[in-house]
Amino acid sequence: MARKTDIPPSYYGEPRNFDPSFRGPIHNRACTDVLCCVIFVIVILGYIALGTVAWIHGDTRKVVYPTDSHGQFLERKTALSILFYFNILQCANPAVLINLQCPTTQLCVSKCPDRFATYLDMQYNYRYNNSYWEYYRQFCKPGFDNPRKSVAHVLRDEDCPSMIVPSRPFLQRCFPDFITRNGTLTVANKTDFKDGLGKTRSVIDLRDAANGITSLLDAKEVGMKIFEDYASSWYWILLGLVITMVVSLAFILLLRFTAGVLLWLIIFGVIAVVGYGIWHCYWEFSTLRGKPHSDGDVTISDIGFQTDFRVYLQLSQTWLILMISLSVIEAVIIVILIFLRRRVRIAIALLKEGSRAIGYIMSTLFYPIITFVLLAICIAYWAVIAVFLASSGDAVYKVMSTQDKCMYANLTCDPEKFSQTNVTMVCPGSQCTFAFYGGESLYHHYIFVLQLCNLLVFLWLVNFTIALGQCTLAGAFASYYWALRKPQDIPSCPLFSSFSRAVRYHTGSLAFGSLILAFVQMFRIVLEYLDHKLKGAHNAFARFLICCLKCCFWCLEHFIKFMNRNAYIMMAIYGKSFCTSAKDAFFLLMRNVVRVAVLDKVTDFLLFLGKVLISGSVGVLAFFFFTRKIPVIQEEVPSLNYYWVPLLTVIFGSYLIAHGFFNVYAMCVDTLFLCFCEDLERNDGSPLKPFYMSPQLHRILRREQGSKLYASS
């Protein structure tokens, strides 16, 4: 009987013919997608030019430092480095204050007021003591020196504030100095004050005007304590992260021995848990059915919808439905295992092979550091350009009014000529206040477009960096698989060679795949923005459409990521263009779709288990250490304000480190899987066409082929 191959004829393309000259990743290759490479280089040069233009026109001080009503920013090193609000009662909330949109005059001062005072009281006391005016004048407009001017005219011209309250600087702004005494909110031990307009106001009014400021001030104190905790425990945090690196490395290397045991334990554990659930549901069902005068005969439809779901647990029908559902799930799991047991064995063998490959090419575990550095550069450059673009232009002033129906509200104005207009007569209390930085030139008109370009190129560069890492790792691990004698035939410096090939020959292809993904991500960001804008709208159809589009593009993004990843693997092996590699990868995966599904889920679950196991174990160890529950080293524990600060840092950092290590492992398994599928299609295990797979994989494959031959006969 003629021997049958492992891959049957398929509609997803034909298996490859044997090429006796093929020995793994092709070294004699040509540049691919040259046009995309040229465009990518031009875009990078344009991105550098955009950064230069933004740097010339922008000024980060406009974003970092507060700005007064005249558009001048307050630097910390200057004498007048604190922003003072004439009437903080007109400010609605702290967000308004920080965004400098409070409809009251804002002035640069050297220090905040330390006492209650009103302009009216100052005028009265000025006749007897000049010091009252000398103190009050530092909170008036520069150049104003007429303490005898009538209160009405002073307030109309905004020369001086009608009142001052004890304040302290926070975020370079004067905020009321709130203190809670015996449960009562006070400012300078007072619960009320005069507003300078003939009214007595409560401190609660100040709190409502500056809603959230007290929590911000408390947050500053908490921030200082957190900084102290980091300063006293940073070396222990670093030690915890080093332990995580060692444990992650050991876990990956040990997977070659424990992958099968772990996976089968998990599978049988799931079967046992579902089986216990079936037994428990049956026990509850039989108990309720056996009770006289119980609710066992009452159905769910009889009681209808109940907000207290415990009511349903008193019905036998509920437990019957749960028992049937769990039984179906149990049956599906068992049937899948019966039919896919050989696929699961192949997945386990590939997991073990991945651990063995990393053991031979240890340098791949440290490549994520390069990716991290490149991503940090991209993020930093994008953020700097965004800040410089946001701070480009000259000061723009707008009319700020306390009245909701002021016809001049939000219109641009000239602070020098504002007093000569009739705006204050039509809208009493209006001010010509600094709003933002802008201009009328072509550059300023297209700042928003430039911000969008900045974001698109940023997404492109980030995806390119990730793609470069995937292609580099794929080339290194492919070199391992296609070595006939392992490790003797593994080329020297496989990681560096793969990185060089990716940069030299496939920059254009990597840029092409990254650009497609960047466009999809950009569209998703636009959809998120539209969804945010439509949250308050009453157009249900528009919200439904946006929701559907968000779901579709989420699926599209993940599909493109999956296809790009496999296209880069094929590109690293054969050196073809992006489209050709993507097509070959797609057809190869479709011809092995069952193996793909099994391997993908098995790998994802094992790696997730490893991440949780490592970060959880290190987190438990850190918890016992920082809470002084390890007697041997109890005296070495630093004194902390909040033990959860270093604890959460260790847990989060451990998860990120484990994620970086296991991403390399996942890329290794995916690469070996595609190489395994290619190996099956190219070779048949004969002396002329030997398999390149490991002996373990070969034995499993031989059993699978033997079973097929036996079944066909």
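Heads up, the Cβ atoms here are built off N, Cα and C, so glycines get one too.
Sequence annotations record features per position, and here TrEMBL assigns transmembrane segment to 34-56 (among others).
If you look up TrEMBL, you'll see 234-254 (among others) marked as transmembrane segment. Tertiary neighbourhood of the transmembrane segment (234-254): same-chain residues 355, 358-359, 365, 610, 613-615, 617-618, 621-622, 625-626, 638, 646, 649-650, 653-654, 657-658, 661-662, 665, selected by CB-CB distance under 8 Å and a gap of 6+ residues from either end.
The transmembrane segment annotation in TrEMBL covers 261-279 (among others).
What TrEMBL records for 319-340 (among others) is transmembrane segment.
Non-local neighbours of the transmembrane segment (360-390) in the same chain are 47, 50-51, 54-55, 57-60, 63, 249, 252, 437, 447, 450-451, 454-455, 458, 461-462, 465-466, 468-469, 472-473, 476-477, 479-480, 486-487, 490, 494-495, 660-661, 663-664, 668; each lies 6+ residues outside the stretch with a CB under 8 Å from one of its CB atoms. What TrEMBL records for 360-390 (among others) is transmembrane segment.
Beyond its flanks by at least six residues, the transmembrane segment (505-527) meets 29-40, 455-456, 459-461, 463-464, 466-468, 471, 546, 549-550, 553-554, 556-557, 560-561, 564, 567-568, 571-572, 575, 577-579, 581-582 of its own chain at Cβ-Cβ distances under 8 Å. For 505-527 (among others), the entry in TrEMBL reads transmembrane segment.
Among the features that TrEMBL reports, transmembrane segment is placed at 539-556 (among others).
Summarising the annotation, TrEMBL assigns transmembrane segment to 605-628 (among others).
The annotation transmembrane segment is assigned in TrEMBL to 640-662 (among others). Nonlocal intrachain contacts for the transmembrane segment (640-662), taken as residues 6+ away from its ends with a CB within less than 8 angstroms of a stretch CB, comprise 225-226, 228-230, 232-233, 236-237, 240-241, 244-245, 248-249, 252, 365, 368, 372, 607, 610-611, 614-616, 618-619, 622-623, 626-627.
In summary, the transmembrane segment (605-628) lies against the transmembrane segment (261-279): three or more C-beta pairs, each 6 or more positions apart in sequence, are under 8 Å.
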